[in-house]
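Summarising the annotation, TrEMBL assigns domain 'CNNM transmembrane' to 1-202. According to TrEMBL, the transmembrane segment annotation covers 62-86, 98-118, 138-157. Marked as domain 'CBS' by TrEMBL: 286-343. Sequence annotations record features per position, and here TrEMBL assigns region 'Disordered' to 426-456. Per TrEMBL, compositional bias 'Basic and acidic residues' is recorded for 438-456.
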Amino acid sequence: MTEWLLLLAAVLLTALTGFFVAAEFSFTSVDRGQAERAAAAGEKGADGVLKALRGLSTELSAAQLGITLTTLLVGFLAEPALGGLLEPVLTGLGLPEGAVAPIAVALGIALATFLQMILGELGPKNLAIARPLGTAVLVAPGMRLFTTITGPLVRLLQRLANAIVRRLGFEPKEELDDTRGAEELAAVARRSAEEGDLSPVAARLLGRSLGLRDKFATDVMTPRTRLWTLSSSATAADVIDAAIRSGNSRFPVYGADLDEVTGVVHVKNAVAVPEEDRLQRTARELAAPVLAVPSSLRLDPLLDLLREQGLQLALVVDEWGATHGIVTLEDIVEELVGEITDETDRPLRQLRRDGEDWVLSGLLRPDEVRERTDIPVPEGRYETIAGFVVERLRRLPEVGEQVAIEGWMLTVAEVDGRRLSRLRATPVPVEDDPDLTDESRHSGATASREREVAQA
């Protein structure tokens, strides 16, 4: 009779283990948003689930305590009970008397473990994962009672565990992070804008903010070929003259060549020099140290660097330490809010509408063109739309040359030396013939232009 009572107690304790396991997995699997919506709709028990989620760390600690205690008690009660019930059976099978007790204990352990795993662990876990909110609603009241009873012990154990976690360099949290990835958040913002829950401007700003982590310093920098620079021997008067001619206020200062940038000089420092001394004071004396960053640096940590050090620009260098370009705080901000134009900005980097055509700066990046127009410029081993045209032509372009892209014809409108500075994009109907590729349309357009030149 005693063995049967012990076995009954073990079964009840196994059920308690399953209760705590279900609580642990349902609380960690339930969608907080779903629970909040259920509570707002007045569904019974949803408020209790939200309370449990707000103190999730404590609830999980209590569940772990319950699992540990019940598991130990099941082992303490079930194994001897099963062993005692099995001994007469094994004796009746004719086993040697000395082997009956060890075999009974071993079988008791195996049976107790099997039942504990199925009924106390795997079954409740799978139920909680399959129906997290429903399971959480069922177990929340019981867990609240157990947490209240064992509160002092749970808090003591939690403090000890948190102290260990802090020693490892991490800060414990009471609630589980219910976070989403950047792409998922951007998709949520777009859907919210489409449904009218978020303004298009706010959705676009959020999308650009999330996309900042995927862009590098080279994506927004001014390349070295377009920099206004001053040699270290330039005078304060030269700095003022460069500011008047360029409209810039800051200039990289270099030594032997542009790969040896020693600092950045601000025009206000040159203006502060007495007029009679402006031909004697050099840019090297007036320059401040420059922050050099690798071209592989992403924009979000770069923005943090500039803000932390109170700087307006950084020098971008390649893997060999050569000057690649300059990136400014304004360049990064423009990635968030769009192009910022003031009275000193040149229109070269802009794009404008001309009837159905687009007039584009060759310096625009493919992603900028795609975002601000419907021209599907692909990504590739180039950084600008001018680079895309050069790659298609496989040589430096001349004015009038054309490159076809799906639905558009890109015409070289202006060349500055060896640099393609301006393009005109004209919409064209996509031909029905699937064998006529972009490359063949480009070749035909170029051949047509060459025939016109020959006839002229």
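Even glycines carry a Cβ here, placed using N, Cα and C.
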Six or more residues beyond either end and a Cβ under 8 Å away: which residues meet both conditions relative to the transmembrane segment (138-157)?
19, 22-23, 26, 45, 48-49, 51-52, 58-59, 61-63, 65-66
Confidence summary (mean pLDDT) of the domain 'CBS' (286-343):
84
Where DSSP helix means H, G or I and strand means E or B, what are the helix, strand and coil counts for the domain 'CBS' (286-343)?
21 helix, 16 strand, 21 coil
